[in-house]
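Here's the structure we're looking at; comments come further down.
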Amino acid sequence: MKQYVVTRPLYSEDAFADEHEKIHRHHKTLRHHVKQYFTCDLKRAKNAALSLLPFIGWMRIYQLKEWLLSDIVSGVSTGLVAVLQGLAYSLLASLPPWYGLFTAFFPVIVYFFLGTSRHISVGAFPVLSLMVGAVVTRLVPDEGPPVNITGFEGLTIDEQRVMVAASVTFLMGIMQLAMGLLQVGFIVMYLSDTLVSGFTTAAAVHILVSQLKFVLGLVVPGLSGPLSIVYTLEKIFVQIEKTNVCDLVTSILIMVVVFIVKEINDRYKAKLPVPIPIEVIMTVIACGVSYAFNFRVNYKVDVVGRIPVGYESPMGPNMQIFGQTAVEAFPMAIVGFAVAFSVAKVYSVKHDYIIDGNQELIAFGASNIIGAAFKSFAASTALSRSAVQESTGGKTQIAGLLSALIVMVVTLAIGFLLEPLPKSVLGAVVIVNLKGMLMQIREVPYLWRRDRPDCVVWVVTCLASILLGLDLGLAVGLGIELLTVVFRAQFPRCSVLANITGTDIYKDRKDYMSIYEPEGVKIFRIPSPIFFANIDFFRGKLVEAVGFNPLRVLRKRNKALRTIRKLLKKGELQMTSKGLLLISSGPIEESEDESNMEELDQPTDFKDLPVQVNWNSELPANIHVPRVDVHSLILDFSAVSFLDISALKGLKAALKELIRVEVEVYIVACDAYILKKLHSCMFFDDEVKSSMFFLTLHDAMLHILEKHPVDSENTKVCEKVITTATIHGNQCNGVSSLRSRDRFVHVSEPETKF
């Protein structure tokens, strides 16, 4: 085994600072940062342009011969999938199918210029589509009149729904754009992988239930709000006997075939040049069969129907709808960005380039604003579509641009070919693509075994999102997640450390057999910041670690001193060489004077007594003071990252209580910025001194052993320690104690150096 030996002086923080001069670093002021932010030169202007238009950066390095063919193949493949998913996800948004084609076109064009990811496919995302659908059905329900909104007059129900979807998408885009300009892309960090997993699993359940009406060929009104999924299932099962057998058989056939081929794609993806576009193939076949057998007339199958040729004229958002949908738009903005950024980050790591979260917010915000103006609904990225774009060889967003061109061709020229397509086929395709999200439920057993608070976040987020709706469920999940963070910080796992014999390493005394604990020394570690919420917990755990309440001991001692002074004054007690000698034989009444409690909390004062009282010796009858067997306490601050003002006050009070009962306190491995804050906040005084801070835990232990040599009468051997610091002259006259868990082992040693 490799070893190392270092000989150096024993350092307290003060000693180290005296011996080693620090570099003085000039910290920039707020004024300097503001001035620098608004300073403009040619270099900053160039960087700003490249940042705002990232496509310039990768277009300059575009390798035409090597990348163009791959981008063309990828663009065509992705475009075909985008057409199908656009039609399918429009049903989730409770809109006519062709509006999904708009979502697969306009946002892609905008993202080409503003986005930093080269591989994600922008367009409809099922979770966002479902959230849009919830807003649409709330304001324009299938049954009953719509909400009274100016601008709905004279519009059909589909036109009203398009206005709602476009307006909420516009508002969502404004929120994303504002967050990007304000540089708050970090907000996505508050959505943990566990929360997103539980949320998307719940969304998959909602999507599955919403597609059952198409698969079964039933007429079920769209519902939104808490327990909407329960009411939807109720309406489905009430009329289950009305199931359209043709829709059901078609859906099952589509799902089985697509599922099998997708599994083949996954298993043999290394051997296949491109994944088999089974959804597109089955859609084409279904269109042909439906047209040939006239499913709409002969079997009463609900089909896509008329798809208008070309694009509709742009429209402005309805401001009244903004007020009605602001609460839903914000979680949509967060979820859309979080999912897209997560996927983009995966591909950026895989292909070794950098993405900018704030620029992504700007890109998606602009995409949704411009897309909403042309009647598309909320856009993000679909995992399956992005996987197609990347796995078919896509190198840049040229592939995305070509996929948009494919969608444009369908919209302008060949959209009529999709008119006989049964909606049950679209529903079946959507359900099959939910496999990845639904299988996330397998994470629950793993989380339960590894991290139960995270498991609670997953389960609560999933259940709340299923029962209360996606918007409220996300809020509940975020609240539970923040509570777990607070819980972990407020109630950290504190521990008492001990020396691992033969080393300068200190670990939790409960975890190791062979440990060395000098008598009268306690080492306490708190692995968390100390702040207003956990300072009381910290003090409580500290009392448990030392085994006594220092404030109670201090008050008992001061009460005992009052009694001793009274007895001395009456002549009933004398000071002798052996200690306090009681002269009278009558019982002694302990002082119960509580008139001035503040005096009891002050340091014990022996100035008017001939000798100092030894509190651990035997005292006269009826004078009871708790025994304190700890003479030194080491606080390991290596994991303490900050202290707030409340914590400073609480810590200082705790230190004073310990010092006043003659316990020497040492703080080790304290962060330099915390030390600086302690000095600036006037933390130190005549009792709490800066000399109590030591560089390392072992430095403090060696200092204690030098100051309090091991008592040769109580132990037989001094444990030999391999140490990184040698203190010459600190010997225990050949004796010390080695504690192996709860038993003492005695070993003879001629000499020990610490």
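Glycine is treated like the rest: Cβ placed from N, Cα and C.
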Which of these ranges is annotated transmembrane segment in TrEMBL: 186-208, 646-668? 186-208
From 361-378, 523-540, which range did TrEMBL mark with transmembrane segment? 361-378
Take the C-beta pairs under 8 A between the transmembrane segment (456-480) and each of 214-233, 245-262, 274-293, 329-349, 398-418. Which stretch has the highest count? 214-233
In the same chain, residues at least 6 away from the ends of the transmembrane segment (329-349) whose Cβ sits under 8 Å of its Cβ atoms read 116-120, 122, 125, 127-128, 131-132, 168, 171-173, 175-176, 179, 185, 187-188, 191, 196, 199-200, 355, 357, 360-361, 364, 368, 378-381, 383, 386, 390, 470-471, 474-475
Would you kindly check 122-140, 214-233, 274-293, 361-378, 398-418 and say which stretch has the most C-beta pairs under 8 angstroms to the transmembrane segment (98-115)? 361-378
Which one, 68-92, 122-140, 186-208, 214-233, 245-262, has the most C-beta pairs under 8 Å toward the transmembrane segment (398-418)? 68-92
Report, as numbers and ranges, every residue of the chain located at least six residues beyond the transmembrane segment (186-208) whose Cβ falls under 8 Å of a Cβ in that stretch; write 'none' if there are none. 92, 126-127, 130, 179, 229, 334-335, 337-339, 341-342, 357, 430-431, 434, 437-438, 440-441, 443, 447, 454, 457-466, 470, 473-474, 477-478, 481-482
Going along the chain, which residues at least six beyond the ends of the transmembrane segment (68-92) come within the CB cut-off of under 8 Å? 98-104, 121, 123-126, 129-130, 132-133, 207, 210-211, 214, 274-275, 277, 279-280, 283, 304, 377, 382, 384-385, 388-390, 392-396, 398-407, 410, 418, 421, 423, 426-427, 429-430, 433
Residues of the same chain, at least six outside the transmembrane segment (122-140), with any C-beta under 8 angstroms of its C-beta? 82, 85-86, 89-90, 92-95, 100, 103-104, 107-108, 111, 115, 146-147, 149, 157, 160-161, 164-165, 168-169, 199-200, 203-204, 206-207, 210, 221-225, 228, 321, 324-325, 328, 331-332, 335-336, 339-340, 364, 367, 377-382, 385, 400, 430, 433-434, 469-471
